[in-house]
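These come from TrEMBL:
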type: ACT_SITE; residues: 18; note: active site, for GATase activity
type: DOMAIN; residues: 18-228; note: domain 'Glutamine amidotransferase type-2'
type: BINDING; residues: 115; note: L-glutamine binding site
type: SITE; residues: 387; note: site 'Important for beta-aspartyl-AMP intermediate formation'
């Protein structure tokens, strides 16, 4: 077998994170493409400092950057099987790797203590059936040198990313869309994806990348690449509601499974922290971690002028997190610190946000994720987050509103209202995307005929589109700072149970996440257990700074967005000194983000 391996070791001074990149072609010319793949890896170098690896043969080039949380000395990638048949590049965490390792040890001689080798062994021994054995978050590709076939897969919720590009006979892949840009001569915007971003940002950037020609491997899917082309299929199980289950039994089982999930998420050779809002989800994780004997350092965002904001008028945010977080951390005995950014560097922060999030920043709250990750990364490699709790346990209050769930358009009207599109670009944009999402739910087996069916259809959209966007943001902003976001609510055992909870029980007595709240009883302060949903906050004092930044962008880069947005109208609103409402701020945030994204990545716009 003609192959080559090259690896370098980190000095320990840089802080990057796990990323994979590579190329498959069956004409025997792969070695000539090594420099292209190295350039792809370089665009993702923020994803891993603990080792850099490269492997190639005549038909494949695989590259990897690694953040080591287990067995840092021996887990270098790409990782080859002892017989050199299989070569793996992998990003993620398999939480049940120890149990799988024990089971596989009768048929595999392990050389490391990493979950990477468990993934390699599991595929070699069980083939594609290995996917249903994994409990964790993952994206990986295995190259079979004997069959000259690539196999790739992504976890059930899509916590870890995988993007690919088919160019003629070439198949290229990376962890981030920007990792594929060196393989493209002149990147163009995917107009459908960008329009969805402008009209329905909460649902955007996950079904298709913002760059034309690229594709995401969907959550819970696998693909095969060989001489016959590419095959894509769904692997994750679909679990139905169980209407016969009692609420008390569900709450008890959920408490046990989530406790085990938190303990699994804490496994690492380095300390693991916690993003801590003082809300139900993150505080429950903190309480369960504390009960397991861990004291993860906690981080809470707090912006300037938080005490001047009327939270009752907010579209999403319900309250200031800090007082709840302080009380909860004190009662649980968890170390906690406030992350208090200043708005003086807003323009630079917006530029950085658009640079690192190649699916385009969807809302201002992403700044909070950016600030939290930046602060935590100064001394940690991983944090626990409460993501996926709301989306898998009926956590949004609008699910209780029959008007909101009657049609997806009604949800878009609450969140976007007026996207400021250029006249003629898309007639009735909210109705257009409302119908797109309605048809997606119908194709998945849901209907909109009764209040009950509409509720379940809306929840399906929340889980399969909204949640994917949240998980993408958590990964991309954490990894930009060399920080892994671990998601206990994405644990396989927790997901399996959550899928069986009937909507009527999850929203019992008009309270969202009713079963999860009951499961949390006694694990955290009662005031927090009963606290209503409160999204990640944003800096409410940023309004005027955002207006000024938009004015500056329109004076230099208006041509980049004028094909899609109504620039004259934006200019008039910037010149109008009256206070901006929430929707207008959101439009300006997205206009600035789109202009930055286009310029930084050299994207051709309409």
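We number each residue from 1, going along the chain as drawn.
For all residues, glycine too, the Cβ spot is worked out from N, Cα and C.
The structure displayed is predicted, hence computed values, not measured ones.
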Report summary line: Taking only the CA atoms, the spacing between residue 18 (active site, for GATase activity) and residue 115 (L-glutamine binding site), expressed in whole angstrom, is 13
Report summary line: Cβ-Cβ distance under 8 Å, sequence separation of 6 or more, same chain as residue 387 (site 'Important for beta-aspartyl-AMP intermediate formation'); the residues meeting this, in order, are 467, 470, 471, 474, 485, 487, 489, 490
Report task. Using a 10 Å cut-off, grab the number of neighbouring Cβ atoms around the Cβ of the residue listed as 'L-glutamine binding site', all chains included. Result -> 27
Query raised in the report: Taking the Cβ of the residue listed as 'active site, for GATase activity' as centre, how many other Cβ atoms lie within 10 Å?
Result: 28
